[in-house]
Amino acid sequence: MAVNAVMYFLIILSVILFFQGFFPVSHPNLNIDNEPPSEIQNIHLNKNDLYGSNITKTVLIVVDALRLDFATPNYMPLTSQLALESGCFNKIKVETPTVTLPRIKALTAGNIPQFIDLVLNLASTEILSDSIIHSAVRDKKKVIFYGDETWLKLFPNKFLRFEGTNSFFVRDFEVDKNVTRNVHVELNNDDWDIMILHYLDLDHIGHVYGPFSSLIPRKLDEIDKRIYNSYKTISLKYQNALFLVTGDHGMKDSGGHGGSTYSETNVPLLILGLKCKNNSFPQTDIPVNLAVLLGLRIPSISIGRVQKSMIPYSLEKYLYILYYNSFLLSQRHSCNNSLMEANGYYIDYLRNSNESSAYKAVELYENCLKEMTNILSKSSIKQNFHYLLISSMVMLNCLITLCLELKSNESKAVIFKYVMVLFVAVQYMVDQVLISFLTTIVLLPVLLKNIYALIKSLNLSIFSNILNYFVFGCVVHPLTFLSSSYVEEEHLFWYFLNISILFFLLSKTKKAVEMFFYIMFLVSFRFIRIMNSTGDKWANYPDLSDWFLQNENIVYYQLFFISSLILVFLTHCYLTRFKNPFQIFLYFFILILIFVFKQNETSTLLAKFIWLLIFVNFISAKFSNISTWILVLSLLLKPFNLILIPYCIFSSLHFSKYFKKTELLVLYHTFLSNMLFFAQGHSNSLASVDISVGYIGLTSYQPVLVIGQVLCHTQAFPVLCHLLIFHHGITDGVKVWKILFSNRLYIFIIISIITFLFRHHLFIWSVFAPKLFIEFVQMLFLYLEYCLYQIQKLVQILSKDLQKYVIHKILFNKDLGIQCLVSKIN
């Protein structure tokens, strides 16, 4: 047992090491000089004249999840008209991941955030090293802020006045009231220079109801009027007031964000109060151009470039700005002789006022900036190859060792496991080439030996029985990830395999009753298949859940919800064989409360009471994991997804009669859990993660509880299937965990290799990296399951030992025995 625990711990260590190596936390170079230059080759440049600003007030409005098609006359007529009359409309390209924290970094610092920022987005206290906010404060500008409190974590002690709102409590659609209230006050104050507002209501509605909800137009109309009234008030009071309205990211057609669809990665930038021209450019260019317009230092970590359409300045000023922008980027990457040539033309213009030289310099600077920006963008993420190499070899060794143990039913290479833990631990502490080299020298021969042993033990007859079919499916599955389309549409793979199993078994049976069952399974599968559209190409298509959520179909929705709850109750009673009337009543009562709660999920008190009753049920059911987990899913799942619970249980009960062997039972439930994971509406896009379930029973953002509920919702059916495996009386728990870990580790290894090989692929951050992240989370969650399983097993052993000890004392301690007897008589 201890040997297996060491193996699984080693697997998790190596998985974390690979993840850390592929998604490193960035450490920006703070030695870059971002002071506007005062000379070029001993020629004095009057930066006060060339880099001054006449803008009196600046208002930056960030509307969370403002899609490009939302900022149109249909939704925001007033603001659109203002942009047409006194500004411009820009199309902004947003990089993945499309979540708030990295997008604020891009908006203020001008660099491309790391993919690891997706994790930090949920509970980050990270502070930016440099940004346009830093530049403003350094130049004695007074900045005020109201809105998403993420800004306060990134820029502590930088705002003159502020009030934050919690961006994670997504069921609050009026969270922006405090922003509006503060804006009314600030419009009468004149002691500020820059006001930043971050509105959240639109994003919250999108998370819960999607972008096509009837609430969206009303909310956009509110925002439109707020922006219009604010602009009119400030522009009448101050000359040269500048307004910028943009979104940090867009919103997926199915709701949510985090992925790479067009609607998530394209947002508007409406500029009011500036003679600019419509254009299209990356989000990382915004802080550079805003810094130039305000006469502030460009952030030192920026990779953005000046956009001529946003800079309505004279040729002399524009040339200086290009020189400054080029000077800043050239400290991180040079564009060879082009920059020197551009500087030469600029010097000629300064000395001789030769406009032709000026225009040549402009062209060269612009081309050079474009080249440097592209290269810096591509090289913004650097993987740790030592970590990747060591972790990959350890994972491969662990996988092969697990496979060999499954073939021989005994533990292999005990010493190897302990030695590898030591090597990986050293690699964590000391990141040096020598350590990596020594570890590779040790690992390589062991890996080659294990590969030879595995090949020697293989039985190559693939389709000789149903077990080989399952194994073949597990082997082929991650290999399909070589195509990005198969990553995006993975659900089709699992739908096909599960349908194939049903048809295969249907073809083998001759009993009418069995045929009826298989046909019912096929019909049921078709029904749940159309419940949620998922994947990349199909996610935006109308599905049954969309039909249920329409106002005119509310009666059918409620009937379906009630029917699903009844099925959950009946399947649970059949599964657990409850005989205690109290337990049956309690279970039924909890399901009734869940029905009441789902009518209006704003009642946190009722949700907390339901959680309390679920815990009571856990105690009264003698710590029944499966009974408790079904209740948890009934609370967390969307009402239209509850039907998946009885489908999962019925499938498990039926097929467990045919798949008696441990290997067959575990692999079938693996197939079933993967299929239901996608049937629930998930995909390999992070936008499909429903964070709204994290706030059930909460009135404020509590990271541990929110993340816990989101993970439980995401891993709903993998966990249920694992519990069902043990419910069927499997005695060889060691083998079960070996199969589960070897399957999950094999998938992680393949996607790790593919992601590394495709690290320069066009879709690396939009397709492959999210898939790697999802597999990383699933591996960690599997290890958490294993730890909880072992803890529960240990508690059971200790409980039995305690009972034996008490019985022994009663039997052999006469005084104690007499006391017990007297107490019984009394």
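Each residue, glycine too, has its Cβ placed from N, Cα and C.
Among the features that TrEMBL reports, domain 'GPI ethanolamine phosphate transferase 2 C-terminal' is placed at 429-602 (among others).
Annotated domain 'GPI ethanolamine phosphate transferase 2 C-terminal' per TrEMBL: 666-772 (among others), in sequence order.
Annotation source TrEMBL lists transmembrane segment at 385-406 (among others).
Residues or ranges marked as transmembrane segment by TrEMBL: 413-430 (among others).
The feature transmembrane segment is assigned by TrEMBL to 436-455 (among others).
TrEMBL lists 467-486 (among others) with the feature transmembrane segment. Taking Cβ pairs closer than 8 Å, the transmembrane segment (467-486) reaches residues 459, 461, 493, 497, 501, 504, 536, 661, 663-664, 667-668, 670-671, 743, 746-747, 750-751, 754, 761, 763, 767-768, 771 in its own chain, all 6 or more past its ends.
Annotated transmembrane segment per TrEMBL: 492-508 (among others), in sequence order. Listed by sequence, the residues of this chain that lie at least six past the ends of the transmembrane segment (492-508) yet keep a Cβ under 8 A from its Cβ atoms are 466, 469, 473, 477, 480, 486, 515, 518-519, 521-522, 525, 529, 535, 658, 668, 671-672, 674-675, 677-678.
The transmembrane segment feature in TrEMBL is assigned to 515-534 (among others).
Outside the transmembrane segment (554-575) by six or more residues, the chain places 548, 584, 587-588, 591, 594-595, 598, 626-627, 630, 634, 639-640, 642-643, 645-646, 649-650, 653, 727 with a CB less than 8 A from a CB of the stretch. Marked as transmembrane segment by TrEMBL: 554-575 (among others).
Counting residues 6+ beyond its ends, the transmembrane segment (582-597) has Cβ neighbours under 8 Å at 561-562, 565, 568-569, 572-573, 603, 606-607, 609-610, 613-614, 616-617, 620-621, 627, 631, 634-635 in the same chain. Per TrEMBL, the feature transmembrane segment maps to 582-597 (among others).
Look at TrEMBL and you will find 609-637 (among others) tagged as transmembrane segment.
Sequence annotations record features per position, and here TrEMBL assigns transmembrane segment to 701-725 (among others). With a cut-off of 8 Å between Cβ atoms, the residues of this chain six or more beyond the transmembrane segment (701-725) that come close are 122-123, 166-169, 625-626, 629-630, 632-633, 636-637, 644-645, 648-649, 652, 656, 665-666, 669-670, 672-674, 676-677, 680, 682, 689-691, 693-695, 736, 740, 777-778, 781-782, 785.
Beyond the ends of the transmembrane segment (745-766), by six or more residues, the same chain brings 11, 15, 18, 22, 95-97, 115, 259-260, 378, 383, 388, 392, 395-396, 398-399, 402, 474-475, 477-479, 481-482, 484, 772, 775-776, 779 to within a C-beta distance below 8 angstroms of the stretch. Among the features that TrEMBL reports, transmembrane segment is placed at 745-766 (among others).
Sequence-distant contacts of the transmembrane segment (772-789), counting only residues of its own chain at least 6 positions beyond either end whose CB sits under 8 Å from a CB of the stretch, comprise 8, 11-12, 15, 19, 22-23, 115, 118, 684, 686, 711, 714-715, 718-719, 722, 733, 737, 740-741, 744-745, 747-748, 751-752, 755. Per TrEMBL, the feature transmembrane segment maps to 772-789 (among others).
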So, by DSSP, how many helix, strand and coil residues make up the domain 'GPI ethanolamine phosphate transferase 2 C-terminal' (666-772)?
80 helix, 0 strand, 27 coil
